Amino acid sequence: MAADKKAQKNTATKQIDPEQKEKALAAALAQIEKQFGKGSIMRLGDTQALDIEAVSTGSIGLDAALGIGGLPMGRIVEIYGPESSGKTTLTLSVIAQAQRIGKTCAFIDAEHALDPVYARKLGVDIDALLISQPDNGEQALEICDALVRSGAVDVIIVDSVAALTPKAEIEGDMGDSYMGLQARLMSQALRKLTANIKATNCLVVFINQIRMKIGVMFGNPETTTGGNALKFYASVRLDIRRSGVVKDGDEVVGSETKVKIVKNKVAPPFREVQFDIMYGEGIARMNELLILAEANGFIQKAGAWFSYNGTKIGQGKNNAIKWLKENPEVAEKIEQEIRNLLILTPDQPASEKLELDVNDESDFDEAFEEQE
């Protein structure tokens with residue numbers, strides 16, 4: 001017994017030669033790569049993993065708040081909120097921006113409610129958009145998995161998680177209980193999807209609805225449908241709400257929309273952004289561009305006049321926006337300068353940014369107060 005204790009003590013105190021340790025590690029890495037393929041394990045610093053490709057949301061402020069210039073490719077994103085808050089509008093805007101840079105997009109319409117006329121108005125090329133209207137949740141997720149594994153589709157929208165009804169529930173009778181069936185379906189599907197999404201660099205966006213938890217006395221009673229799996233697998237979660245209305249005289253022409261980044265694995269989370277969604281037009285890009293350009297000094301305002309590079313471009317907000325629409329080259333140049341200022345690069349710490357902090361709502365609130 002004493003000899004065994006002495007042997008254990010000698011083993012514990014024995015120092016491992018660093019050179020031998022490095023050789024052992026190299027051998028283990030080589031064995032893993034041989035068994036599972038090249039790239040199955042690597043040092044984080046040896047890759048460009050942090051330089052994540054992004055697709056613009058169509059909102060400059062939201063792109064800046066997301067930290068990388070939009071929604072990350074090769075990841076799962078969840079967008080949720082109350083009814084008529086702008087969830088589908090935001091995802092159609094993402095599709096329009098993705099198509100503009102040559103990406104192939106698909107829309108899995110589980111709600112059977114996509115309006116092609118509205119999608120076209122938002123800039124979506126509906127002739128190039130792939131659309132599926134599945135009969136049940138299993139079919140929708142199988143189609144999604146097949147599109148991801150093909151490697152030929154870059155952006156997939158699933159609208160919505162709440163409409164992914166399990167086949168057993170559809171074939172059953174009204175009033176039958178199917179406790180946890182949809183949650184199990186989502187959990188199984190996401191386990192299958194995650195690795196393929198990363199391998200094919202495909203962006204999959206799930207739209208989700210809000211439900212109320214019964215009997216919650218303290219804290220937020222709201223929850224999303226489909227169980228907890230999506231919360232864990234999503235790299236980005238956006239909470240979108242309608243915060244007010246946009247009026248032209250007495251007529252309501254749009255809605256003020258607030259988006260909170262509830263979760264973000266690719267940049268700092270918990271930022272909030274506000275922008276307008278105009279009915280029949282989508283996100284009011286030029287309105288947002290003018291606000292951000294003024295806040296960051298690219299456009300100056302003196303009294304009611306706006307000026308750019310010393311040249312007056314319009315008296316009042318509406319005239320300045322009209323000038324930006326009539327001069328798309330200048331608007332694009334200003335937008336690129338704003339993006340360069342506000343959006344983090346992979347090697348740049350967040351502390352080095354920025355004159356306008358998108359997490360600080362005061363700049364946005366002041367700007368929108370001026371509009372009113």
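Including glycine, each Cβ sits where the backbone N, Cα and C put it.
According to Swiss-Prot, the protein has these features:
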type	residues	note
BINDING	GLY81, PRO82, GLU83, SER84, SER85, GLY86, LYS87, THR88	ATP binding site
**OP:** Give the sequence-ordered list of residues that share a chain with THR88 (ATP binding site), lie 6 or more positions from it, and have CB atoms under 8 Å from its CB.
**Re:** LEU114, ASP159, ILE207
Original post:
To test your reading of the ATP site: which residues beyond GLY81, PRO82, GLU83, SER84, SER85, GLY86, LYS87, THR88, same chain only, put their Cβ within 8 Å of the Cβ centroid of those residues?
Top reply: ILE240, ARG241, ARG242
Original post:
Of all the binding-site residues given, SER84, SER85, which has the fewest Cβ neighbours within 10 Å once its own Cβ is left out?
Top reply: SER84
Original post:
Hey, which of the binding-site residues GLY81, PRO82, GLY86 is the loneliest by Cβ count within 10 Å?
Top reply: PRO82
Original post:
In terms of DSSP three-state secondary structure, what is the assignment for LYS87 (ATP binding site)?
Top reply: helix
Subject >> Neighbour tally for GLU83 (ATP binding site), based on other Cβ positions within 10 Å of its Cβ >> reply: 8
Original post:
Just counting, how many other CB atoms are there within 10 A of the CB of LYS87 (ATP binding site)?
Top reply: 21
